[in-house]
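Enquirer: Here you go, one structure.
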Amino acid sequence: MERSLRNVLVVSFGFLLLFTAYGGLQSLQSSLYSEEGLGVTALSTLYGGMLLSSMFLPPLLIQRLGCKGTILLSMCGYVAFSVGNFFASWYTLIPTSILLGLGAAPLWSAQCTYLTVMGNTHAEKAGKRGKDVVNQYFGIFFLIFQSSGVWGNLISSLVFGQSPSQETLPEEQLASCGASDCLMATATTNSTQRPSQQLVYTLLGIYTGSGVLAVLMIAAFLEPIRDLQRQSGGEKKSPPFWSTLLSTFKLYRDQRMCLLILLPLYSGLQQGFLSGEYTRSYVTCALGIQFVGYVMICFSAADALCSVLYGKVSQYTGRAALYVLGAVTQLSCMIALLLWRPRADQLAVFFVFSGLWGVADAVWQTQNNALYGVLFEKSKEAAFANYRLGEALGFVAAFGYSTFLCVHVKLYILLGVLSLTMVAYGIVECVESKNAIRPCDLGHANPAEDKEAQTKM
């Protein structure tokens, strides 16, 4: 097997094992620990930590430890979060959430940097366009990675499926589910019927073992790499500490980055809505917690299949067409969720919504990462750190207002942000089409060209 592809597969399967555990836990946090909002508070804290780490840690860790070392260190934070769930309380979930959050941004920045370097290296050797190979590698990664949601949620559904079946809810209690859920209803719903502690421990043991296997796989089989610039230029002096530390913010001199920050922001908001509001206010409320896993399997399967499809199709349709597809699909879902009143006898509808959400999410996951890798190829670490910064802001906002806003208000927020995001993205695409030959990174371009490019923007 070709070397670059083999390393891409190692990264992909390592993330598959790690997020089989974390993805399943994230989907269950709001339902499993609903008392006093512990679950959503833990998720909000987690992404708050990710927000802080996005500002400073990724460029520093990747420079000091390399991509492989950064991935290994960050994965340990995810394993610690799984262990913290064994003794779920404010004193265990919050600290381990912070630890995971601090490692999340470096983990994803290192992964994106690794795939981008591998793609460009292979493209140079094979005489192909770099962005096409990078797109293909991200498609392969997300095909395997997104299937983690299938396995993680399948495990939780099979384990929790051993609980007694839930009784059908009366009409007056179903009225508080869906878009009308304001988290103020005191009536008992299916969400309060928690699985036994023994089943919870069984699930957590499986998840923790999966995370440990991920760490061992990366440590044993992933080849370390050096940045292409260092390979071509030999050993260079390390940049000053503060220069590296602030490289994330320096990239905002490029106005394209200022406009594109809405893409990861919206990505975080829509993922937060699905894992926080849809699983609790729609699925758990009307069907019971044992159905959360099955519904999220549908989302993950659609996401995974569309990820590899978009990776191949984008070179023929262009990325703009895929962005339009994602926006229209999710816009339609939001409007329908505002109007729909979930009922237990409409089981198929719960899966339709999660599947369509996955079709749209695959666009944001594959195309956003590839777009950042192509436009900011010379500052990959800082660019992907900015991406995780924006996505973390979206998650923090989504989980932060989760406990005091009605679901229909959250859907209106998503509608507004999606509209602004597509307008900003359209501006960047128009500028890029008019300036086909332009610097990938203003920080590495000629100052006169920088000034001209900024004037055109």
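Using N, Cα and C of the backbone, Cβ positions are placed for all residues, glycine too.
TrEMBL annotations: computationally assigned, not manually curated.
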Enquirer: Tell me which range among 175-195, 385-405 TrEMBL lists as transmembrane segment.
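Expert: From TrEMBL, the annotated transmembrane segment range turns out to be 385-405.
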Enquirer: Counting only pairs at least 6 apart in sequence, do the transmembrane segment (97-117) and the transmembrane segment (39-57) share 3+ Cβ pairs under 8 Å?
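Expert: With 3 or more qualifying Cβ pairs, these stretches touch.
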Enquirer: Restricting to CB pairs under 8 Å, which listed stretch, 69-91, 137-160, 286-310, 385-405, 411-428, is in contact most with the transmembrane segment (199-222)?
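Expert: Looking at each of 69-91, 137-160, 286-310, 385-405, 411-428 in turn, the most contacts to the transmembrane segment (199-222) are made by 69-91.
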